[in-house]
Amino acid sequence: MSCLLAIDAGNTRTKWAVLQYETGEILQRGVLNDDMPAEWALCERVAVANVAGPNRQALLEARLKLLGLPVRWHASTLHACGVSNGYAIPAQLGVDRWAAMIAAWQHYQRSCLVVNAGTALTVDMIESTAPGQACFLGGIIMPGIRLMQESLASAAANIGAMHGVFRDFPLSTQDAVCSGSLHAGAGAINNLLTLLGERCGEAIPCILSGGDAVALLPLLQKHILHSEFCLEENLVLQGLWYMERGLP
């Protein structure tokens, strides 16, 4: 059985998955630490999406060299797997966003909003243009939920490092900070859902991934009743599989 090692090197964590090459089934997955995962020995090739900069790439290169496997460092392109990249300079689009959009399109084959709620919160719009074809129309990047909270705590003297919970009617500073950051993220998502829905003339599904997606999901489901919300944990890793296969 041929396997692909997919690696998503993000700003906070490096996630990996071993996927069955023919089907894309995830056989093993994890978060990279100091040890070389034993499961990597199952693989015959490696696909990497790195948005963490050259230092992280150098560390990964040193580890992957020990495996002796062919490695492809993916980048965003003008077109891949049925999706056209609307960026003025396609290569400047973060490859994690590109991979997530490709996976979302391949899974759902319809206009959709793709949200990655990590260190940054990215919200990207895909429009179906023809059977099997889509276009990335544009998207936004804003501080992620935790980064918003940490930035406020470091910049405001009377807030400090506090851990609140979401409440409809916050009555403490820590809960107000937590609730405010989640409302900010959910509001941005709602705005782009409305924008894309008006363009496409239909209710738009929202595909969520990233570490803070679980925190955003209940708020979105409660207040945005006309949209379908789908939680996908491994969009970037699955997108790398599609990119590696070069599926149409």
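Indices start at 1 and increase along the chain as displayed.
Including glycine, each Cβ sits where the backbone N, Cα and C put it.
Cross-referencing Thr23, Thr77, Thr119 with the ATP binding residues that Swiss-Prot gives (Asp8, Ala9, Gly10, Asn11, Thr12, Arg13, Thr14, Lys15) picks out Thr119. Sequence-distant contacts (6 or more apart, same chain, Cβ under 8 Å) of Thr14 (ATP binding site) comprise Ile7, Asp8, Val31, Leu32, Ala52, Arg56, Leu60. Asp8 (ATP binding site) carries a strand DSSP state (E or B). Across the fold, the C-alpha of Asp96 (active site, proton acceptor) and the C-alpha of Thr119 (ATP binding site) stand 12 Å from each other.
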